[in-house]
Amino acid sequence: MLSTGVDIEGRPPNLEPVKAADAEKVAGSRADIAHNEVASLSSGTLGDNTHRKLKSRHIQLIGIGGTIGTAFYVQIGKGLLNGGPASLFLAFTIWCTFILAIAMCMAEMVTYLPISSPFIRFAGRYVDEAFGFAAGWNFFIFEAAMVPFELTACNLIIHYWSDAVPVGGIIAITLVIYGLVNLLAVEWYGETEFWAALGKFLLIVGLLIFTFVVMVGGNPLGDRFGFRYWKDPGAFTELYYTGSLGRWLGFLQCLIQASFTIAGPDYVAMAAGEAENPRVVMPRAFNAVFYRLTAFFVLGSLAVGILVPYNDAEMALAFSSGAPGAAASPYVVAMNRLRIRVLPDIVNAMVLTAAFSAGNSYVYCASRSLYGLALEGKAPKALLKCTRSGVPIYCVMIVLCFGLLAFLQVSNSAAVVLSWFISLMTASQLINYSVTCTSYLRWYAALKAQGVSRDKLPYKGLFQPYAGWYGLCGCFVMTFVGGYTVFLPGQWSVATFLFSYTMIGVCPVLFVVWKIVKKTKFHKAEEIDLHKNLDEVEEYQANYVPTPSRNRLEWVLDWLFG
């Protein structure tokens, strides 16, 4: 899909190999790093005290782990109820093309300058510092809000089996685990996320195989239903209105669902500042994540429409009543209909790990985005404090405080709380993608104005700058479409309106306030600084020493997923 301009090790060909013992020294403790010139540049930015400890296999699966949570396994059923199987499949397929455009924009910029919180900081460098301020805080709020969303989901899933543990207890325990994982060295986060994301990968593959087997008759009922539900009750359903308008609104609701569910490149980008050998690792990760996510989401949306009809009473009741766990999952509904035992419990357990993993990724991304804001002077400098292991401790603790919002479940139903967070996060995510495309277009203009050939970049995307414009237009329009239902007759809801459009109003305010206070200006293409922090990154690459695998298992995992 994209081309790369560096050798396999990400260093000049004439660089002599270094012994494994030296590699261990470079990858050692912070005390050792303080005396090592190469490792002192490992962060890629001045004042950045994080450490490059995430291996290629960690980066590869972080993108999957962050984007695949309960929305893919459970909430996707809402799209089926609203639009029908054809609308769901078309919407997810179409939205994947926008994710491809965004991934190409992000990959080209991030592999050129792999620093902490890259695309947040690029917004300020390539467009306007006020634009970067608004974009950074929008992304932080988005990621921080995702933490209580997944905490709420974890509580729902656990109550699938028993109500013995109170809501508050589950939230508190999960928050403590998140804190332990994210306050340890970053490689511990990487290992935790690697194994959790691997579980998600296996679950997705398993569910796709399950769909194929049961649709051709491999089920206790011997029912070869194939694409039956695409004919009866049909491929499209009506929403709010009858006729063509109702079918269009059903498709639109599925597209909104897809814009919330499908993500990925931003989670890979956030790890750029802590990735080993980023100019080799990041291009592979961007390509792999896009291909895998596209396959999973497109095939997943197809599978859901095969397994369950859009008028299924059990699934509709599960969503309307806020049924616990994966009871509303189309996969579980299909298993119950086909009288398949045990599997629903296994799926529920795996969905629990998916929710936990996604929440874990959000704690990481939110804390690093806040750290990036502090590095750029857009958040208090006190947030720059890192532990000896290179973890921004205050940033992590602030993000964990956001998780306390999950206690809203104590006085409201979990289904209501989940809908609030989905509305808020959908708009924020789309704003973030619009910012990424805007930053890329300004960066593209700067390269052209300053005579820098894209052929010399570590990573060159296809169809540029048209892909950037495509991604920007699609995300910008969908940002405003997300809460359209409140404007339909009889559908007005103050809560839905506020959660759907709050960030759309807050971002311009943040932009104007920072612009007035700091008197920032829009960067002209010929004035954009393309070289800040570049020397540090290139010197790190030139002196990069591969960290050897510690044992045979790690070597196998690095080979398979690296």
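Every residue gets a Cβ built from N, Cα and C, even glycine.
Curation plays no part in TrEMBL annotations; they are all automatic predictions.
As annotated by TrEMBL, domain 'Amino acid permease/ SLC12A' applies to 58-524.
Look at TrEMBL and you will find 59-76 (among others) tagged as transmembrane segment.
Non-local neighbours of the transmembrane segment (88-115) in the same chain are 1-2, 4, 43-45, 48, 76, 79-80, 121-122, 251, 254-255, 257-259, 261-266, 268-269, 272-273, 275, 278-279, 282-283, 286-287, 289-290, 293-294, 297-298, 300-302, 304-305, 433, 436-437, 439-440, 443, 454, 457-464, 467-468, 470-471, 474-475, 533-534, 537; each lies 6+ residues outside the stretch with a CB under 8 Å from one of its CB atoms. As annotated by TrEMBL, transmembrane segment applies to 88-115 (among others).
If you look up TrEMBL, you'll see 136-161 (among others) marked as transmembrane segment.
Look at TrEMBL and you will find 167-189 (among others) tagged as transmembrane segment.
Per TrEMBL, the feature transmembrane segment maps to 201-221 (among others). Proximity of distant same-chain residues to the transmembrane segment (201-221), defined by a Cβ-Cβ separation under 8 Å and at least 6 residues beyond the stretch ends, is recorded for 61, 64, 68, 72-73, 227, 292, 296, 299-300, 303, 306-307, 331, 334, 338-340, 343, 347, 350-351, 354.
Look at TrEMBL and you will find 289-310 (among others) tagged as transmembrane segment.
Per TrEMBL, transmembrane segment is recorded for 316-334 (among others).
The transmembrane segment annotation in TrEMBL covers 391-411 (among others).
According to TrEMBL, the transmembrane segment annotation covers 417-445 (among others).
As annotated by TrEMBL, transmembrane segment applies to 466-486 (among others).
Among the features that TrEMBL reports, transmembrane segment is placed at 492-514 (among others).
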*In terms of Cβ proximity under 8 Å, which residues at least six beyond the ends of the transmembrane segment (167-189) contact it?*
50-51, 53-54, 58, 147, 151, 154-155, 158, 274, 356, 359-360, 363-364, 367, 387, 389-391, 393, 396-397, 400, 403-404, 406-407, 409-410
_Closest-packing stretch to the transmembrane segment (492-514), where packing means Cβ pairs under 8 Å, from 289-310, 391-411, 466-486_ = 466-486
*asked:* Same chain only, please: residues at least 6 beyond the ends of the transmembrane segment (391-411) with a C-beta under 8 Å from a C-beta of the stretch. Say none if there are none.
replied: 49-50, 143-145, 147-148, 151-152, 155, 167-168, 171, 174-175, 178-179, 182-186, 359, 362-363, 366-368, 370-371, 374, 382-385, 417, 420
*asked:* Given a Cβ distance threshold of under 8 angstroms, which distant residues of the chain, six or more beyond its ends, lie next to the transmembrane segment (289-310)?
replied: 1, 60, 63-64, 67-68, 72, 76-77, 79-81, 83-86, 88-89, 91-93, 96, 99-100, 103, 201, 204, 207-208, 211, 214-215, 225-227, 229-230, 232-234, 237, 258, 261-262, 264-265, 267-268, 330-331, 333-334, 337
_Reported mean pLDDT - the domain 'Amino acid permease/ SLC12A' (58-524)_ = 85
*Near the transmembrane segment (466-486), which same-chain residues lie under 8 Å Cβ to Cβ, leaving out any that are not at least 6 residues past its ends?*
97-98, 100-102, 104-105, 240, 252-253, 255-256, 259, 423, 426-427, 430-431, 433-434, 436-438, 440-441, 444, 492-493, 496-497, 499-501, 504
